[in-house]
Amino acid sequence: MSSEMLPAFSETCNVERQKNLSEDGEQNQKPGSSERFQPISKRQMKKLMKQKQWEEQRELRKQKRKEKRKRKQLERQCQPESNSDGSDRKRIRRDVVHSPLRLIIDCSFDSLMVLKDIKKLHKQIQRCYAENRRALHPVQFYLTSHGGQLKKNMDENDKGWVNWKDIHIKPEHYSEFIQKEDLIYLTSDSPNILKELDESKAYVIGGLVDHNHHKGLTYKQASDHGIDHAQLPLGNFVKMNSRKVLAVNHVFEIILEYLETRDWQEAFFTILPQRKGAVPTDQACESCSHDKKFARVEGGLNSDSSEEENRHELDSTHEEEKQDKENSTESTVNSVPH
C-alpha cells in the first residue's frame, strides 16, 4: 500500500468506527433497554412470585370450586323427602332471633382518611355485613353518613352493595333520625366501662381507620354532642400485648358474639385475632405473682448464701488470728533462756 493511500484508508476506518459507536449509542438509548437490565427489588420479586403462584393454582382453585358444588349437590340429594319442600330451611331460619339492638357504623370521618384506609374500612364493613347475615341474633345494622370516598370506592369495587339486605344505608348523620338519649358511642377513650348491652339502645362504632393519628377523636365528638359513651369491658377480661384499639369489624363481631353467649370473656377470645396476644386477666395475674415469688425466693437464696460466705470468711479470719497469736507466744517462750 502506497503512502498516498494511507491517509484515505485511516479516514475510512475512523468513519466506520464512529458509525458503529453511534449505532451502539442509539441501541442503548432505545426505550426499555435500560429497564431490561434494572435490578428487581425484593418487594417486586415477592409480588412476581405471588402472581406466578396465583396463576399456577388457578386450575386447582377451579377444581376445588367444582368439587364443592358437587358436594353440596349430593348433600341436598341425600336430604329426606319430607324436607324437599324446604321445611328444614324454614326450621333453621326460625332459630334466628333478630335483636332490636341498633348497631351503627359512623362513616362521617371520610375526609380524615387516605384512599388506602378507605379501602380497609370498606373491607371491614363487608365483614360486618356478612357476619350479621349469618348470626343467630342479628342486629339492626346501620351505615350512616355514607358518601364521599367510601361510596365511590364501593361503587367501583363492590357494585352489589346496593342489593344488600337487612341493612340501613343512609347518607344522613345518625343524630338526624335517632334520639340522643338512645345513643351510646363506643370508644376506647371513654372512662365508662360497659357491663352489659341494653338492646333498646343504639350503639355507635366510629368508622375510622387512622393508625392512631386522631387519638381521642370519637370520644371528643361524643362529648361535644352530649352523647353517652362507653368502652367494651376489655380490660376486665383480657390482657393484651398491643393497644386496646380494635378494628371496626372486631367490635361489631364481639357484640354479635355477646348477644349469642352473654359472656364477655368468651366473646373476646372467640373474636380477637391471635396476633393481639390476648390472655385472660386471671392467668396474667397468676403469671405476674409467680414471677414475683420466684424472684423473691431466688433473691432470698442469694442473700442466704452471701451471709453464709460472710460467716465463713469471719470464722477463717478469727482462726488465722488465733493461730498467729499462739505461734507468737510459742516463739517467745522458746526464746527465754532456761
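Every residue gets a Cβ built from N, Cα and C, even glycine.
Residues or ranges marked as region 'Disordered' in Swiss-Prot: 1-91 (among others).
Under the heading phosphoserine, Swiss-Prot lists S22 (among others), citing similarity to another entry as support.
If you look up Swiss-Prot, you'll see 52-80 marked as coiled coil, on the strength of sequence analysis.
According to Swiss-Prot, the compositional bias 'Basic residues' annotation covers 61-73.
Per Swiss-Prot, the feature domain 'SAM-dependent MTase TRM10-type' maps to 88-279; the stated evidence is sequence analysis. When averaged over the domain 'SAM-dependent MTase TRM10-type' (88-279), pLDDT in the model lands at 91.
Look at Swiss-Prot and you will find 296-338 (among others) tagged as region 'Disordered'.
Per Swiss-Prot, compositional bias 'Basic and acidic residues' is recorded for 308-328.
The compositional bias 'Polar residues' annotation in Swiss-Prot covers 329-338.
Taken from Swiss-Prot, the feature phosphoserine covers S335 (among others), and the record attributes it to similarity to another entry.
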Within the compositional bias 'Basic residues' (61-73), count helix residues (DSSP H, G, I), strand residues (E, B) and coil residues, in that order. 13 helix, 0 strand, 0 coil
